[in-house]
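Novice: Sharing a structure, written as structure tokens. Questions coming.
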Amino acid sequence: MSNTRENPRHDAVLKLLRPITIGSVRIEQPVILAPMSGVTDLPFRQLARALGAPMVVSEMIASQAMVRENRQTLKMAEVDGFGGPASVQLAGCDPVVMAEAAKLAVDRGAAVIDINFGCPVKKVAVGQSAGSALMRDEVAAARILEATVRAVGVPVTLKMRMGWDHSSLNAPRLARIAEESGIRMVTVHGRTRQQFYTGTADWAFIRQVKEVVGIPVIANGDILTPEDAAEALRLSGADGVMVGRGAYGRPWLMARIAAFLATGTVPDEPSLAQQKTILTDHYAAMLAHHGSNTGVRLARKHVAWYSKGLPGSAEFRVKINHVVEATEVLRLIDAFYDPLIEIGVDAARLGFQDQGRQDQGRMAA
């Protein structure tokens, strides 16, 4: 029996998403995988693209490490094998360094440069005066934006939050500064830096940004399901959505959202057998990219996300977290998934994989 769901507002859904142009780059369906440190490495981005994600963005890259051509940083910025526009996100507080880092990223294949004004982590926002800290210094922010735009011949975009806290919701003003500086697209996470990831993303606030700029605006935060994406677009008036934590263990989510917004019908989740294949392909790619020892260690969280909510998953995760041999991880994956597939466990029917804000009855503030 199909899990496909008809949406009662079919016609309204079909009007929510249109192609956008970011400088010379055209995105037919602006449903974008967010930059996530420690998550959106090259294997994850390649997998998401292969599964149908219209656009993906690298992990946040420290501009200082990029200009030093740090080996690990250059590895994080790799963009091979996408079959579409590859965006590299940079963070930093020095306009000269940001400009040089952007040049290096473009030289290595980046089709779009994204600037991070949204990271709330203390090490970045306080220790380095970068990320969301730049929302508190619009003059410094403008210098960084202008220098980066001047340095490269590809489109430059910006990702930010609503503001530092609820007493300084300056995203609309900073969006205007960004547009005047030559930025070609703005993504807004509907939280302040002070909130980190607590509470709910304020999708309606993003409309204030959309109303003051002519460049595309992308809504971000709490987009866990196709229905969440539609509601975020409806409330924000944004031109597209960016999916972050909702893609943990679900690299197919961006494609499902794009399909829903194109047809008005929510497509099936992959079957459990298909999910196992995706997981093992992802694991193999991580081993090839990072090497066996590092690959096994980094894969643990992904295996946990893929299996979350399945019967026996807690015990499975404990076992995975104690394994150091690459072949033993595969054996444990087989031993966990195969019996569930054999008895016909349907991950989509368990309901845990498709619980979003709309399912939970939560309203965007």
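Backbone N, Cα and C atoms are what each Cβ position is placed from, and that goes for glycine too.
According to TrEMBL, the record shows the following:
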- Cys119: active site, proton donor (ACT_SITE)
- Gln89, Lys159, His189, Gly244, Arg245: FMN binding site (BINDING)
- 32-334: domain 'DUS-like FMN-binding' (DOMAIN)
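In the displayed structure, how are the listed features positioned relative to their neighbours?
Specialist: For Arg245 (FMN binding site), the count of additional Cβ atoms within 10 Å of its Cβ stands at 15 [all protein chains shown].
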Novice: Express the distance between the Cα positions of Gly244 (FMN binding site) and Cys119 (active site, proton donor) as a whole number of Å.
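Specialist: Roughly 13 Å, rounded to the nearest whole number.
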Novice: List the binding-site residues among Gln89, Lys159, Arg245 whose C-alpha is within 10 Å of the C-alpha of Cys119 (active site, proton donor), in sequence order, or say none.
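Specialist: Qualifying among Gln89, Lys159, Arg245: Lys159.
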Novice: Check the DSSP secondary structure of Cys119 (active site, proton donor), expressed as helix, strand or coil.
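Specialist: Reduced to three states, the DSSP call for Cys119 (active site, proton donor) is coil.
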Novice: Within 10 Å of the Cβ of Gly244 (FMN binding site), how many other Cβ atoms can be counted across all chains shown?
Specialist: 21
Novice: Under a criterion of Cβ-Cβ distance under 8 Å and sequence separation of at least 6, what residues of the same chain contact His189 (FMN binding site)?
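Specialist: Listed in sequence order: Gly118, Lys159, Met160, Arg161, Met162, Ala201, Asn220, Gly221.
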Novice: Suppose you look only at the domain 'DUS-like FMN-binding' (32-334); what would the mean pLDDT be?
Specialist: 95
